[in-house]
């Protein structure tokens with residue numbers, strides 16, 4: 001869950017988000033080292049007298065600044081590709097949930113059940129209960145079992161939307177006429193908040209997403225009560 005004046009990422013709640021955080025730290029360290037080297041070279045140039053001003057060719061230097069950037073790019077690309085393949089992999093999902101974006105709410109359908117669907121609207125500020133979050137609470141939460149692979153099918157009824165839950169490392173575009181898919185797996189129970197992340201009209205800011213991840217036995221009780 002985000003908090004005021006937060007500088008870093010939200011706590012990771014899925015294996016994918018943990019991998020993304022590790023990759024962020026990996027890439028940030030490379031950027032830090034390159035920036036330090038560039039600043040060092042600039043400071044050396046500014047504080048020393050120029051020498052070898054007549055040099056026209058330096059094969060060793062050209063070889064280094066060709067090979068070194070290539071190696072750095074490979075160090076960034078390989079873990080990035082690994083995470084991309086992990087995000088695209090779907091193995092025997094326990095549950096499939098179809099998500100449709102509308103102006104300006106979400107609708108959900110549990111396709112493994114015969115008649116289990118609902119709309120999810122933002123709770124107006126005047127209707128909030130003590131402890132609830134402004135602009136993030138919904139009237140119907142998406143209840144899902146934790147520690148199980150869930151497949152999300154995402155599309156839109158009208159304009160472009162984007163279904164995003166940062167703590168789970170999820171952000172998938174909802175495109176009219178196209179069905180995108182992603183997977184989620186939560187490592188611990190809790191409430192996880194997200195929002196539409198694609199500008200979709202005047203009420204774009206009022207399309208929150210709330211996932212309630214619970215143990216399997218509680219999910220089964222909830223699903224039985226919804227049927």
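Here the Cβ of each residue, glycine as well, is placed from N, Cα and C on the backbone.
The Cu cation A1 binding site annotation in Swiss-Prot covers 161, 196, 200, 207, and the record cites similarity to another entry as its basis. The Cu cation A2 binding site annotation in Swiss-Prot covers 196, 198, 200, 204. If you look up Swiss-Prot, you'll see 198 marked as Mg(2+) binding site, on the strength of similarity to another entry. Annotation source Swiss-Prot lists phosphotyrosine at 218, citing similarity to another entry. Sequence annotations record features per position, and here Swiss-Prot assigns topological domain 'Mitochondrial intermembrane' to 1-14, 88-227 based on similarity to another entry. Swiss-Prot lists 46-59 with the feature topological domain 'Mitochondrial matrix'. The annotation transmembrane segment is assigned in Swiss-Prot to 15-45, 60-87.
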Under DSSP, the topological domain 'Mitochondrial intermembrane' (88-227) has how many residues in helix, strand and coil?
21 helix, 61 strand, 58 coil
What Cα-Cα separation, expressed in whole Å, is found between residue 218 (phosphotyrosine) and residue 207 (Cu cation A1 binding site)?
26
Are there any residues in the same chain, six or more apart in sequence, whose C-beta is under 8 angstroms from the C-beta of residue 161 (Cu cation A1 binding site), and if so which?
101, 173, 174, 196, 198, 200, 207
At a C-beta cut-off of under 8 Å, are there same-chain residues at least 6 beyond the topological domain 'Mitochondrial intermembrane' (1-14) that contact it? List them, or none.
20-21, 24, 166-169, 184-188, 190-193, 213
Measuring CB to CB from residue 204 (Cu cation A2 binding site), give everything in the same chain under 8 Å that is also at least six residues away in sequence.
104, 196, 198
For the topological domain 'Mitochondrial matrix' (46-59), report the average pLDDT of the model, please.
72
Among all chains shown, work out which of the binding-site residues 200, 207 has the most CB atoms within 10 A of its CB.
207
Starting from the Cβ centroid of 196, 198, 200, 204, which together make up the recorded Cu cation A2 site, report each further residue of the same chain whose Cβ lies within 8 Å of that point, ordered by sequence.
101, 104, 159, 160, 161, 162, 197, 199, 201, 207
